[in-house]
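Encoded as structure tokens, the structure appears first; notes follow it.
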Amino acid sequence: MVVATNLGFPYVGAKRELKKLVESYWSAKTTEAELRQGVQEIQAKHWKLQQAQGLEHIPSGDYTLWDRVLDTAHQFGAIPARYQNISNPLDQYFAMGRGLQKPATETTPKVDVPAMEMKKWFDTNYHFTVPEFEIDQAFTLQNPRAVEQFKTAKALGIQTRPVIVGPVSFLKLGKPVKSGEQFDTLSLLPKVLPLYVELLKQLAEAGAEWVQIDEPVLIFDLDAETKLAFERAYKTLKAASSLKLLVAAYFGRVENNIYPLKDLVDGLHLDFVRAPQELEQVLPLIGENQVLSLGLVDGRNIWINNLEQSIQLAEKAVAALGKDRIFVGPSCSLAHSPFSTEFETKIEKANPELFSWLSFSVQKCKEIVTIAKALNEGRDAVKAELAANAAAVESRRTSPQTTNKEVRERVAQIPASAWKRASPFPVRREAQVKKLNLPLYPTTTIGSFPQTKEIRIARQKHNKGELSDADYDAFIKAQMKEVVDFQEKVGLDVLVHGEPERNDMVEHFGHLLYGYDFTQNGWVVSYGSRCVKPPVIFGDVSRRGPMTIDEIKYAQSLTSKPMKGMLTGPVTMMKWAFVRDDIPAKDLCAQVGLALRDEVDDLEAAGIPCIQVDEPAIREGLPIRRADWDAYLEWSVACFRLSTSGISDETQIHTHMCYSDFNDIFDAIVALDADVITIENSKSDEKLLKIFETKQYTNEIGPGLYDIHSPRVPSVEEMKKRFADMLKYIPDHLLWANPDCGLKTRQWPETEAALVNLVEVAKYFRSLKAQQA
Ligand code: MET
Ligand SMILES: [Zn+2]
């Protein structure tokens, strides 16, 4: 029979219970014993909830207090030296994840260790902790969490399927401990495999039957060596274990990467939401005794499944392999989607139609069960569910809420000339130099200034109706005035309004656009205990009206210096939202691009000489497979240009990106053709600047002079050194001086001190230049 399975559950909890629990432990309000007890209660609730939906394979070991890859590193003793003298294992674990600072006491020395590096988990917005390996790394097995969780569930009478991170992904996702010491982390495979054997043994002894081994690196472009590593690893594990091994890949297509696993493991889980077209290719790669687990329900988005479509796809697999060799499940762990729609009372009331299109984790479990039941017992057995689903699918397909004829027509008729600026950069530069009259090495900031408690309180009060629109407006104006006066005082050249009216750079604009809505509880983990609540894009996007003109115009009226308008770019507006899946991403992006284009035009008409369109998410949207890069970059760059090309030569377009690692998309950054780009640099000095040895950036550029993520005030000397380094690569007339990113997470005192120093650095180099001349 077809088995209904799950790969992972949103461990953070319906109301972010786990977050509250661990944070309370960190602030010493909860003891370790209470933390463990609390976690068990949450887990028990979630296991029972999944059982109640009718799932047969329920995961355990998918719960984590920080990150599952970190759990794996910690349990195998891959603990970097700097954490080794923290004696309590739990505190050591948290220190690896989030760093630890403790003043000295009479008996203990001071502790000050930074966190391990975090990286994006494939193309999601979740960040995992990057394991660090020594070239002669030794591994030991201590308290594997999967075993502990399996036993806890078992004691409650629930048979679960333990989930572990597989050996090849674990090693591949890690890095050599010293950046200078390069070695292939996969070379550690022979050392770590015996411990995996031991881990499987412990799971078998505890009574597990199936174990899910996550190997998401199967979706990368893999070299022959890694494929060989897969073969070696799973030959060893299979030979040593009586457990049934399900190797799980997700977030993309696997192509023939799974070939080495043929007949080696008992089952494979693949993502048919991302790669439905792959079913036919993979069926012949499934060995005679292997199960194919179909990822049919989107684990990363919030839309209802098209059950009939899923059933039809599954029927093809059933026809080829038989019911006994098919599982159905989510495409990936449901930890990447929010908990349950039952808490979305606002949308339910205000927009019941939209509500009927939403499916969060609990609902997704039910969808999986319905698909399995339809396959096992026929569609009649789930008639009511299928009918309700078909009605909702049809309502979404045909609803006037999702389609705006004018927007569609406008996108279809974008003239070729709208995709690029009227004149090439050198011509625009001349016009801008004349108009702006900026000094050499102009100074600016990235947009936001400290979001103080005062600002947050005023916003809350306004949202609750305790502060009238007029009073709130006056408050925001006063904030802008403070920020403008401050920038004048410090001596910056291109000013900003400070973004006091924005809680978040995507959500703020989402409220001003048609097609966006907002959940009350649609939380997903971003890293550790940090959660985000992305907006929902459900329909065609267009402006409700001018979005920023009043604020920016007001800010400009306060100064004779150029004011920089501030917008969030089309790709970022999409990437940091739950995006609709019923039209191609590139069409949606063009809609957002057009809405922003109107705003850019209006800003110009209002007399704003510089306009920044932030695109921090362009890099992270990059597809995993190289073969898919060009197509993505082509439309994402095009949509940025669409939003910034409706204006005259003399209006200066800025863009901003952070989070580094740009070198592999350098050509696309050039193609954006922004007049000025400000870009992260201070955390990866040489890496960014190195590229200028081989490639030329022809427009103006401001690599960040200091890291805004830390309260540390950068000294004049240190920024001088950085600036001098930049001047080796970037011609004088193109270089700007600015911080790394927006200042909203900073406090005022350090902001002031840092910017005063920054302006001094620019002045120093200007006078140096004047002396040379
Ligand atoms: C994550 S990029 C942030 C850019 C935005 N303009 C800010 O300054 O906050
Ligand atoms: Zn930034």
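Residue numbers in this text run from 1 along the chain shown.
Glycine too: its Cβ is placed from the backbone N, Cα and C atoms.
As the structure is a computational prediction, the values presented were derived from the model and not from experiment.
If you look up TrEMBL, you'll see 4-317 marked as domain 'Cobalamin-independent methionine synthase MetE N-terminal'. When pLDDT is averaged over the domain 'Cobalamin-independent methionine synthase MetE N-terminal' (4-317), the result is 95.
Residues or ranges marked as L-homocysteine binding site in TrEMBL: ILE446, GLY447, SER448, ASP614. The Cβ of ILE446 (L-homocysteine binding site) lies under 8 Å from the Cβ of VAL496, GLN612, ASP614, HIS656, THR678, ILE708, ASN738, PRO739, ASP740, CYS741, GLY742, LEU743, each of which sits 6+ residues away along the same chain.
As annotated by TrEMBL, L-methionine binding site applies to ILE446, GLY447, SER448, GLU499, ASP614.
Summarising the annotation, TrEMBL assigns Zn(2+) 1 binding site to HIS656, GLU680, CYS741.
The Zn(2+) 2 binding site annotation in TrEMBL covers CYS658. DSSP assigns CYS658 (Zn(2+) 2 binding site) to coil in the three-state reduction, placing it in neither a helix nor a strand. For CYS658 (Zn(2+) 2 binding site), the same-chain residues lying six or more positions away in sequence with a CB closer than 8 A to its CB are PRO616, ILE679, GLU680, GLY704, ASP740, CYS741.
Under the heading active site, proton donor, TrEMBL lists HIS709. Under DSSP, HIS709 (active site, proton donor) is assigned to coil, being neither helix nor strand in the three-state scheme.
The L-homocysteine site is set by ILE446, GLY447, SER448, ASP614; from the centre of their CB atoms, other residues of the chain with a CB within 8 Å are THR445, VAL496, GLU499, MET505, MET566, GLN612, HIS656, CYS741, GLY742, LYS744. Sorting the recorded positions HIS656, HIS709 by the number of other Cβ atoms within 10 Å puts HIS656 first. Counting every protein chain shown, 25 other Cβ atoms lie within 10 Å of the Cβ of ASP614 (L-homocysteine binding site). For ligand 1, the binding-site residues lying close by, meaning a CB under 6 A from one of its atoms, are CYS658, CYS741; the full candidate list was CYS658, GLU680, CYS741. Close contacts with ligand 2, defined as a Cβ under 6 Å from any of its atoms, occur at CYS658, CYS741 among the binding-site residues ASP614, CYS658, CYS741. Mapped onto three states, the DSSP output places SER448 (L-homocysteine binding site) in strand. Straight-line distance linking the Cα atoms of HIS709 (active site, proton donor) and SER448 (L-homocysteine binding site), rounded to a whole number, equals 13 Å.
Counted within 10 Å of its Cβ, the other Cβ atoms near GLU499 (L-methionine binding site) come to 25, all protein chains included. Non-local neighbourhood of GLY447 (L-homocysteine binding site): VAL496, GLY498, GLU499, LYS564, MET566, GLN612, ASP614, HIS656, GLY742, each in the same chain, at least six residues away, with C-beta under 8 Å from its C-beta.
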